[in-house]
Structures are given as C-alpha cells and as structure tokens.
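See below for the structure under consideration.
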Amino acid sequence: MSQQKKYIFQVEEGKEGSDGRPSVGPVYRSIFAKDGFPDPIEGMDSCWDVFRMSVEKYPNNPMLGRREIVDGKPGKYVWQTYQEVYDIVMKLGNSLRSVGVKDEAKCGIYGANSPEWIISMEACNAHGLYCVPLYDTLGADAVEFIISHSEVSIVFVEEKKISELFKTCPNSTEYMKTVVSFGGVSREQKEEAETFGLVIYAWDEFLKLGEGKQYDLPIKKKSDICTIMYTSGTTGDPKGVMISNESIVTLIAGVIRLLKSANEALTVKDVYLSYLPLAHIFDRVIEECFIQHGAAIGFWRGDVKLLIEDLAELKPTIFCAVPRVLDRVYSGLQKKLSDGGFLKKFIFDSAFSYKFGYMKKGQSHVEASPLFDKLVFSKVKQGLGGNVRIILSGAAPLASHVESFLRVVACCHVLQGYGLTESCAGTFVSLPDELGMLGTVGPPVPNVDIRLESVPEMEYDALASTARGEICIRGKTLFSGYYKREDLTKEVLIDGWLHTGDVGEWQPDGSMKIIDRKKNIFKLSQGEYVAVENIENIYGEVQAVDSVWVYGNSFESFLIAIANPNQHILERWAAENGVSGDYDALCQNEKAKEFILGELVKMAKEKKMKGFEIIKAIHLDPVPFDMERDLLTPTFKKKRPQLLKYYQSVIDEMYKTINAKFASRG
C-alpha cells in the first residue's frame, strides 16, 4: 500500500502545560514552505503597490465590469481597463485632498459591491487613508457605532443607502462631515444633509473637485494600516480589526505559492464574480489577488435571485461562495433531479456513483469520467457559466454531502478554506483532487505556522495521538490589533500566537478538521458538558434540515432544537405519507415534527452520540434564520443570545411539554 501524502512538516516540538497555561502541540507548516515562507513581490510594500504595479504591467486589461442596462434589460458586461480605473482613482484622490481629508484619516465605504467601491478603496490606498467598510447588512445601529468608534470623517455610499446613512445622524456627525454618493443625489437629500451639518456630493460632482489639482502621494510602509474591518461578533459591539499592508502583501505571496504548487496558478485570463461583501476580508483579499494578476472582476446586480443569470453572462473562472449559496445550488439540483422522473434520476445517480468511485480510487475529477462529464454533468457546469475551474467555500463549514456532491457534478475543483478577519482570511485551504480532505479545511497556507493548544475543560488534548485543541496561528498575515481595544487584543494575541477560539483536529495528511468552538460549551443539570457546535455540525449533515440550532441549559437535563426544514424533502415526505397542508402548515404538524426529529435521532445514533446529546424535542420554523431578525451575523454564524431571546416562549413551551410527559411516566 502506498504511503499517505503529508502536506505539513514539524518546525517546533510540543510542550507540556506549565504556570497555569495548557499544553501545546508541535508547530507545523505547509510542505510548500519547506524552504521558507515566500517573500512578498519586490517593490510591493502596500495595497497601493498591488494596484499600481498591475496598472504599469497590464494597462489595457479589463479590470472592473458591470452589466449594461439597455431599455431596462440587463445586457453584456461593460469593462473599465486598469488604466481607466487608475485615472479615476487619481482624480478621486485629488478630490479627497481638496476637501481637506488628511493623512491617515478614516474613510467609510457603505454599499453593495460595485466598481465605485473598489475605486474608492484604491483612492484610500493611494493616499494612505484607513479604509473602513460599513456593513451593508448590519443596520443603522452598527453603522453608527463604526462611524463614531473609528472616527470616520468621509463616507462613500451607494445611492440607495443614503437614507440608511442619514439614520445615523446626528450622533455620527461628530466626526462624519462629508458624504459622496456612488451615483446621484436628490435636492431633498442635499437639504437633509444640510440640517445635519453635512456636505453631500454626487459621484461626478465630487470627481470634478480634483480636476486640475495634483497632490503628492505619501510614502506607504508595510507596517501602515490600510483597513479597519469591523467584525460582527456573535455578542457585544463589533470589533475593529486593523489590517496592515504587510498582512495583505504577505497573504498574496502565500496564495501565489500555493496555487502554483497545486498547478492552478492565477493568470490574466481569470475572471471573478464579485458578490460576496467587500466589507468582509474573504472577498477583499480574493479581489486583491485578482488585481495583482491583472485579472478581471465583474460585479453582480445585487440580487441573489439574479446571481445565476449574472454567472451565466460573466462566465467566471473562480467562484467563491459561502456554504449558504452552495446549499442553495445543491437543493436546486436535487429538486430538478426528483422532478425529472425516475429514468433521469437513475441515469444521474449511476453516473454519479461511477465517477465518485473512480475519484475515491485517486483519479482527478477530469480523469474519473470524461464521458459522463460530457453527457450528464456538463449542464451543471454550464449553470455556473461554463468556465469555472475552482469553487472556493469559506466563512463557515460546508456540509460534507454538499461538498462531495459538487466535487463530482460541478466538473471543477471544490475547495474549502478557513480563516478569520484577524488572520487576513486564508489560513487553511484544501487542495485540488485530494478527496481525503473532504470535510476538512485542508492544510495550512504557506505563510503561517499552526499549533493546537489543549482545552482541558473540554477534554481536548493537543499532545494526544489524535491531536485536538484550539487552533493558534503565527505569521505576518496576522492583524495589528483591535482598534482602541488593547484589552481585547491581549486576550487573543499571546506571545505572537492568535488564539482563534475554534477547536481543530489534525488529520493524518496534515489537513485540519474544525470540530468545535471553544466558547460554545454549556452544562446540563446532571453535570454533563455539551459542546454544542460539534453537535450542530453532526445534525447539520441531516439532509431533511437546512439549519439547526441546539439549545440546553443547566436547569434542564436534555437538549431541544429549532430547525429550518428542507422544504422540498418535507413536502415530498408529506405527499408520500398522506399528510396535507402547505409548507407553513407542515411545520406546525406533529407528524412532520416527529419525522424531522426521527431523522436527527437516526443521525445521532449513526454517529454514536451520547444519550444526553440526543435532541428530545423540536420546533420547525419555515422561515430560515436570518439577519433581518438579528439571528445571524453577516457571515451566517448563529447569534446564540439573540436566538434564545427570539424563541424563548417556544423553548419554554417545549421544556414544559416534555417535562410533563416525563412526570406522567412517573
């Protein structure tokens, strides 16, 4: 039998715990950094250099594109070249200086992804300003907090977000003095701005302010902060993560090394669809990598229902997604299959089993079944535009059944990554054609050191033969601290190691499996500790539910859950079992609840979960957990305190009912 490949090597020994600190496992590094970490490209000391050097090298390459609207209908993508974008950026920078914006001022950007978003960001980069994205999904309270906390003096804003921005007034106007619309400004908006002591400009009007003026660009250092990204914590106020130029240029060097080592290097011919929020580090660094390669970035129209149409028109080569988007793709394909009749499904399932079988034997997705790719799976590829060669999933765990399905049917590499805003995104990423990495986030990228730290209270041992513990990261991609919160910085950054709060398990091939969250642990009344995230990940593999929140507390002896069922599977079950009613009615139906609970219990037993980890009651909510009700963060992480508050009466009723049943049994 051939020896298993290992994608990491050890650089330091592990250490036993001492002085109240837990033990730590060995320090590991990517095999692609065997001869040291890659140096950033010569002359590339800042984010501005990333763009400037590409303008010099690829002036006529298409850079930013958006769909042309002709007679109210979307047409082809229309492009601005690197040189054209540079010329606008220089004008915008001159305008910023002409209205008195000083070095290291904080500049807010508020709105959905667009060419203007990137142009505003590059103008900040040119003049050494701190770019502060204002979350499109956080609402007025958080936007007001970020403007005031980071002392934002000027905001670039999407036209339809102007009214939202004004809701932060007058509190935000202590610092915010100037507003620039990505589009036009109405007379009423000008008047409203005046009442708050603000000056508001339309995009073209603001650009004219810099005409005929020339300001010297300041020298940018690697250590300079280029952006403060506020992360939406699951509790408390957002934290301002300071990202330096060095973090981003180091990350780019690591991505170049990784993709070259995996024979998937980026080129000028690559095309990217920009739809994941630029206010998140995931999309920001991907776009920086594309800009560094002189590649093209096309923007979506801002509507998730039209995303597939935009994909078909743009034909991207790299498609980045969060699991929610890929879950939708998976559910849509499953529905098409079951609606297509027995024969169609039989052919598809046979083709799937055949190709997956050969991939399990070590063949690449290209070699496993070219015939079935052409006859059966090509339609899936066409649905993503026809040119996608890599799908990269990040921000949250991707369910294994979705990942394995897409690896077979999408005719491209499906990779899962892991990173935090604090680590400048990319920290781990799985590798092309390595089926053994299914369900993991892959090995480390070649610019960080990784070690696990034991978590004794959760019985995770970083020195055990199967090493488990809190993931800790060291390297130049790490953030420079939380803005104005040195206390919080000291909590997570200890001796150069970032403590992520995520619990991981090293796999034999050097990839990392995220198994738990350090803080998501509570005790049941009988004294048993429950690692809730781990349990939710297992229940999340049940195809009959799209999302599940598990709850317990120290006054009760058992767990309960709130779930969003998979509509298609629930309706199919109802039809097969003679249960009537629409989707909303089915979610209230006791038999439907028993069915979903039964599926979860079946999975729990299959995974040999402990008795106290098995859910005893369930409530079905037809409305998915969402940001509108403040139940999720913008990266789709569950806000547990808010979920508890929202579903408190339902939870109380479930416990009352089950406890009454227990009591009646005597």
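For all residues, glycine too, the Cβ spot is worked out from N, Cα and C.
Per Swiss-Prot, the stretch carrying the note region 'Fatty acid-binding' among 220-244, 495-519 is 495-519. Residue counts for the region 'Fatty acid-binding' (495-519) by DSSP state, with H, G and I taken as helix and E and B as strand, are 0 helix, 16 strand, 9 coil. Take the CB of Pro238 (ATP binding site) and look out to 10 A: across all protein chains shown you find 19 other CB atoms.
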